[in-house]
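The block underneath contains the structure these notes are about, expressed in structure tokens.
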Amino acid sequence: MMEFLSDLHLLRPHWLWLLAPVALLVWWLARRREDVGSWQGVIAPELLPYLIEGTATRRRRGWLPLLALGWTVAVLAATGPSWQKLPQPVLQKQDALVLVLDLSYSMWAQDLPPSRIEGARRKLLDLLDLREEGQTALIAFAGDAHVVTPLTDDHPTIANLLPALDPGMMPLPGSEPAAAIEAATQLLRSAGVPRGRILLVTDGLSDRDSEAIRDALADSGARLSILGVGTAEGAPIPLPGGGFLKDEDGAIVMPKLPATPLRALAASAGGDYRGITVDLSDLDDLLAAAADPLDAEAREIERQADTWADMAHWFALPLLPLLLVAFRRSAVYTLIPLLVLLPSEPTRADLWSDLWLTKDQQAARALAAGEPEKAAETFVDPDWRGSAAYQAGDFADAAQSFMQQDTADSWYNRGNALARQGELDAAMEAYRESLQRDPGREDAKDNLELVEAMKRQQEQEQQNQDPSDTDPQEDGDDAGQDSAADDNSGDSAQDSADSPGEQQSGDGAAQTPPGDDPTEDTTSQQDADSDPTAGNDNQDAEGDPGDAAESRELPSAEIDTASSLAESLERDQAMQQWLRRVPDDPAGLLREKFRYESRKRQRKGDDRRGNDDVW
């Protein structure tokens, strides 16, 4: 009982103001009774019924207490009494933060023990612990910028990769923060985040870098905050092989933290600047300064609406006896309190939104809230509608929407949707249309090559299929031969030919042992078909050779199911073996990833380094 009373509260307490008329009615009835009682002491009892309103009048006023009681119950129902919580999905705050970490050689300086880079990594780990909601991305830069993780709410993954980041793993020396900021704005733009935040963790930048960063942030809607790492005195840069980094004149480099330019850049970009501290005061200030009040308000309203269950319907039951007592031709108005409990006609929930937001703006909000299906139905712009349908998994609708525009982007997106549908020919044609309008589009070239390779592999598998596979007797022989071959050698060219599904898991040439001749396999297969006991060594070892003949008499559907199950188990075992051979080295994987991206950009001529300093 005490728990019930502690949980009892009203969802709409302002309805209690409607109890004021009931209080006035009760006060009026009490005054009327006092007036009648005063005349009883003056007038004789036998004359009182003829001189004062009598029993009939009092009966006519008997409906007033019922009306007051019914009105009170209806008002209590309208207040929304609630004493029970119902499980509701937790709404996630849409807050995007891109972390940009400086991995230039100057981060090896040890003016912040043990080093600047170690202090920066620890500070970012603290920041990830403080972020309870929202999406976070990580970008590392030196002479070039590389995306470590895109926007994700999986903060533990970012925390696992942070310790592997070190200046020694970057393929190009130097410091190009502008390239990192441009990559951060691209991440926010691709995720559809209108107001994103960028946190730059660095130990300095030049005037040229400041101007380039301002240009990269222009019209992006993103706000830049900066966390300065280092001291004003600076420190030499130790090298992994010993000694310290020197400039062209042979002097030891002493990088210092330029706090004033960093603070000016952050202020001009709508953010804040803080120097790194040993406690969490720097992060508290940065997070508080970067908080978006619009996002905070929306989160508070959404959380309050999904907490308590409205129990107003239970108050409709006490009104039924009151209606039965008070119901008569002249008391129809006693139904008025029930109007509060009657369900209203369905209204358009987006009527208010239509007054202030366009359909595309409403759909953009739905897409940001993780509702791509709703966004695809609301979008008017065909490109946005196609993107929403693609995210929702409706690739047919996405391809249809992208077809309404005749641009390189639309044809490229249409090709992606068609490829996901399995329509490889139409996808290749869409990629070619995109390249005709933008010949330098590298992603369209890469996807076209990938789909063409898939198409060739598909045709090759169709050609390699043996027409005799439809014969149950030969299927049984092949299954037995494959089993024996797997026991003896683990992998053979004949197994690859009879099981095209396995060829998809790797390179066909890699599955064929060196020195195997396909003609020899064909000959051995013919011999096996001519000899009923060939290829059934395992079955002969187990019992009567007649078992092999019986197995060949199984229905084709059962043979195919057993063969598919065996192939699936073999693929799973092979995959597990390969996974166990992959070394768990995040630093090595990131190093190779960064090298590949740098070589690719150099081949494209996209080398924008303008700083000659290697630190």
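Every residue, even glycine, has its Cβ placed from backbone N, Cα and C.
Annotated range for transmembrane segment in TrEMBL, selecting from 63-83, 168-188: 63-83. Only residues 6 or more beyond the boundaries of the repeat 'TPR' (408-441), in the same chain, are considered here, and those with a CB under 8 A from a CB of the stretch are 382-383, 386-387, 390, 395-396, 398-399, 402, 447-448, 451-452, 454-455, 458. Using DSSP to sort the residues of the repeat 'TPR' (408-441) gives these counts of helix, strand and coil: 28 helix, 0 strand, 6 coil.
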